[in-house]
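As written in TrEMBL, here are the features:
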TRANSMEM  24-46  transmembrane segment
DOMAIN    24-307  domain 'Ammonium transporter AmtB-like'
TRANSMEM  58-80  transmembrane segment
TRANSMEM  132-151  transmembrane segment
TRANSMEM  163-184  transmembrane segment
TRANSMEM  196-214  transmembrane segment
TRANSMEM  226-246  transmembrane segment
TRANSMEM  258-276  transmembrane segment
Amino acid sequence: MNASTAYEQVSPAAPSWLNKGDNAWQMTASTLVALQSMPGLVILYASIVKKKWAVNSAFMALYAFAAVLICWVLLGYRMAFGDELLPFWGKGAPALGQKYLLTRARVPESTHTLEDGTRETVEPWYPMASLVYFQFTFAAITLILLAGSVLGRMNIKAWMAFVPLWLIFSYTVGAFSLWGGGFLYHWGVIDYSGGYVIHLSSGIAGLTAAYWVGPRLKSDRERFPPNNVLLMLAGAGLLWMGWSGFNGGAPYAANIDASIAVLNTNVCAATSLLVWTSLDVVYFGKPSVIGAVQGMMTGLVCITPGAG
C-alpha cells in the first residue's frame with residue numbers, strides 16, 4: 001500500500017464524509033478565535049484599565065472563558081444549535097457523548113427550501129466535535145466582550161453568577177433564532193459571522209449592565225489611563241489576528257468565502273485604524289495609540305456581519 005492510498009482509505013478515524021481540509025481549517029479557526037479571548041482580551045483588559053483593576057479585569061475574562069465552555073457542552077450548544085423547543089430556543093441537552101460528537105456535524109433545524117425547490121440542511125464535512133468547539137469560542141468571546149462594559153465597576157462574585165445566566169437565557173436565544181434554524185433564520189435574516197448574535201447582543205447587554213451597575217467613581221471617570229500601553233497593543237494584536245479565524249471559519253469550510261472573508265476583515269480593520277488615527281490628528285493635533293486600537297476594533301466589528 002503506497003502513501004497516497006493509505007491517506008485516502010476510509011477508517012473509523014476518517015469516515016467517508018470527512019473532508020480533512022475543512023476539518024483542519026475549522027479547528028485552526030476555532031483556535032484563532034479562542035486566542036482572541038485567551039490570552040488576547042485577558043491581556044487587553046488587564047492593561048487598558050487602571051493598575052488597581054488589572055487583576056480583576058483579567059480574571060473576569062479568564063473565568064468567563066472556562067465557565068462558558070462547561071455550560072456550553074452541558075446545555076448551551078444544543079439550546080443554540082439543537083432540536084427546536086420554541087421558535088427562538090432549542091432543547092437543552094449535553095453535547096459530550098462520544099456517539100454524538102463523532103457523527104457528521106449537522107444543524108437539525110436549518111433545513112430550508114432553495115429557489116429550485118430542493119431542500120438543504122447545514123451539514124459541514126467534519127465531526128460534530130469541531131462544530132461544538134468552534135461555536136463555543138464565539139459564545140465565550142461574546143461574554144468577554146460584554147465584560148468590557150463593566151470593567152472596574154463589577155464585583156467578581158456577581159460576574160461569576162452573571163456569566164452562566166446570560167449565556168443560557170440570552171445568548172442561546174439569539175444564536176438559535178439566527179444560526180440554529182430558528183424563526184429569524186427561516187425569515188431569511190443573514191448574519192454572516194456574528195454582527196447580531198455576538199456584537200449587537202453583547203453591546204446592548206453591556207450597555208444595560210453598565211446602566212444598572214452604575215457609574216465608576218467621579219475621580220476614576222476623570223482620568224482613566226491604561227496601566228501598560230505595550231501590553232495593550234499585544235492584546236489588540238492577538239484580537240486582530242484572531243479575527244481571521246472569526247470570519248474565516250464562518251462558512252464552515254475551507255472555501256472561497258473563507259478566503260475573501262479573511263482579506264475583507266484585515267482590509268477593513270486597517271482602514272478603520274488609519275481613519276481613526278487621521279481624525280485624532282485633525283481634531284487633537286496628534287495621533288493616539290488608544291485611538292488606533294479603538295479604530296482597529298471598530299473596523300473588525302463593522303465588517304463581521306458582511307465579511308463573506
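Glycine is no exception: its Cβ is also placed from the backbone N, Cα and C atoms.
Those TrEMBL annotations? Automatic predictions, nothing curated.
Tertiary neighbourhood of the transmembrane segment (196-214): same-chain residues 138, 141-143, 145-146, 148-150, 153-154, 162, 166, 170-171, 174-175, 178-179, 189, 301, 304-305, selected by CB-CB distance under 8 Å and a gap of 6+ residues from either end. Comparing 24-46, 132-151, 163-184 for CB pairs under 8 angstroms to the transmembrane segment (226-246), the maximum falls on 24-46.
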